[in-house]
Amino acid sequence: MGNLRFYNTLTRKKEDFIPIDSSKVRLYVCGPTVYDYAHIGNARPVIVFDILFRLLRHVYGKDHVIYARNVTDVDDKINARAIREYPKLTLNDAIHQLTERTYDQFQQDTEALGCLLPTYQPRATDHLEEMRSLIERLLEKGHAYIAENHVLFSVNSIKNNPLYGVFAKRSLNEMKAGARVDVAPYKRDDMDFVLWKPSTQQEPGWKSPAGISVLGRPGWHIECSAMSMAKLLTPYGGGLACDDLSVNVFDIHGGGIDLIFPHHENEIAQSCSVFGTERMANFWMHNGFLQVEGRKMSKSFGNFITIRSILESNFVEFSNAMTDDLKQSWAGLSARFSMLQTHYREPLNWTAQRLAQSSSELYRWYELLRCERSCLDNGGVIDASLISTLSDDLNTPNSFTLLRKFYKEENAVALVQGMDLFGLLRQEWVREIECPLFVKGIDLDSKFIDQRIAERLLFIQNKEWAAADEIRNELAKKGIALKDEKDSQTGERITTWEVK
C-alpha cells in the first residue's frame, strides 16, 4: 500500500492516512442543493474529491473504496425557486420538476468535468426515516428537545464534550457571535439548531418524529448525518444497531472550507452524540475558496460563472469540425486542468486567461499522444514519482510539474497514464485518426512557437535586444514562458518554453 498523508482539519496537521478497514475505505462529501445550476465554486470540491477518489481506488483497489456524495432535494431555497419557475403547478409538482431538472444538469456538468460517478448519490428525501431515527435517539439521550413542533439540538447538552467547538477552533461565545442563527423564542439557547421543523399547508411536509402531530421537514445538518450513516455505516456494520463504536466512524469527510462552521461542526455534534463516539470521521478534508478575476464571485459583481456557461462558451477558437458535445467535453477538461494547477487547500483565482492557457497546454499534450498512439497499448503502470507526489496531501501542482516533464521528454507512455489518473484522458480523442482537432489558431501551434524562438535567438546574436524582447513579450501574452540557458556540451545558448 502507498504511504498516503493528508492534512486533517480536525487536528490541523498532516497525518498518515490509515483506513479503518482497507477493504472498505469510506469517503463522504457534501454535495449539491439542487435548486440552480452549479457554479465554478461548486465545481472545485467536485473535482478535488474526484482526484481523492481516484487516488484511493489506485492504492486500495477500485472495488474497495466507497464514495458517497449527497444530494439535498429538500430546502427552503428549493421551495422558493420552484414557486417562481413553475407558478402554474402545485408546489410538490413544481419541486419535482425543479429538482429533477437541476439534478440531471449537475450530472451532465460533472461528467463534462471528467469526474467519476460516486458509489452512492443519496437524496435527502429518500432517507427521511433515518433522519427521524437519529432525531429520536438524540431526544432519548437528552441531546435534543421539542418546542412548538420543532425539534432542536441542545448545544448545552454537550458543552463539556472537548470536541465541540474544537473543530471550528471557536469558543461558544465566538460561535454565538458569528453564527447565523434564527432568533426564535422557543430556543433554549441561541446556539441550538434545528433538527426538524413544522411545515405550513403550503410547504412540503412529511411525518414528523417523536409523535409530533403536524407534518414537517428536516433541518440541513441532520441530512448529512443520516445519509453518511445510511451509506457508510449501516451496510458496513449495522449502524445504530452495532455495539462496536469503531464501526460507527468512517474514514474521510470532505467539503468546502465554508462548511466547517456551522455545518460540519453540527454534523459532528449530532453523530457523536448518537453513537457515543469521539469522532464522526477520522479525517476531515476541505478545499479552499475560489475567486473570479481577483474578486469574490457574486451576481452583483457580474462575475457569477456557472459550469454550464463555461461548457457552452467559445473561450478558444474551435475547429469547425467539432460537435457541440466535443466542444463541451473539451471545455470541461480544460476547466479541470486549470483548477488542478492550484493546491486544493489554497485559494484559487479563476481567470479567463488561465482557462485559455490550460486549454492550450492540454491541446499540446494531446498532440503528442496522437503522434504516439501506441502509448495507449503499453500497460497501465503509473509513474511511481507521480503517485508519491499526489499521495502527499493531493499535491497536484507538483504532480503537474512531473506531467510537464513527461511531455518535454516526449514520454507519451508516462504522460498518458498520468492524464488518465487525473481524469484528463479521452482515449477516443487519441485513438480515432478521424477525430477532428480540438482547437485551431496559430497561438496553439508548437511549430510556430519554435519558429519565433529561433527568430529571437537570431536577434540576440545580432544584439537586437528590443526585437528579441518583443518576441518574448508576445509569447508571454499567450501564456508561453521562455527560459534561456547554455547547452552543457557545446556551451551554446538554447531556449526552452513552457505554458504558465
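Every residue, even glycine, has its Cβ placed from backbone N, Cα and C.
Around CYS30 (Zn(2+) binding site), the C-beta neighbours below 8 angstroms that are at least 6 residues distant in the chain are PRO45, ARG69, ASN70, CYS224, GLY254, GLY255, GLY256, LEU259, HIS263. DSSP assigns CYS30 (Zn(2+) binding site) to coil in the three-state reduction, outside any helix or strand. The Zn(2+) binding site annotation in Swiss-Prot covers CYS30, CYS224, HIS263, GLU267.
DSSP gives LYS299 (ATP binding site) a helix state. The Cβ neighbour count for LYS299 (ATP binding site), using a 10 Å radius and every protein chain shown, is 8. The annotation ATP binding site is assigned in Swiss-Prot to LYS299.
Residues annotated as motif ''HIGH' region' in Swiss-Prot: 32-42. Taken as a whole, the motif ''HIGH' region' (32-42) shows an average pLDDT of 96 in this prediction.
Annotation source Swiss-Prot lists motif ''KMSKS' region' at 296-300. Remote same-chain partners of the motif ''KMSKS' region' (296-300), defined as residues 6 or more beyond its termini with a Cβ less than 8 Å from a stretch Cβ, comprise 39-41, 290, 350.
Around GLU267 (Zn(2+) binding site), taking its Cβ as the centre, 26 other Cβ atoms fall within 10 Å, counting all chains. Between the CA atoms of LYS299 (ATP binding site) and GLU267 (Zn(2+) binding site) there is a gap of 30 Å, rounded to the nearest whole number. DSSP assigns CYS224 (Zn(2+) binding site) to a helical segment in the three-state reduction. For the recorded Zn(2+) site, residues CYS30, CYS224, HIS263, GLU267 set the reference point as the centre of their Cβ atoms, and the other residues of that chain within 8 Å of it by Cβ are TRP220, HIS221, GLU223, SER225, HIS253, GLY255, LEU259, HIS264, ASN266.
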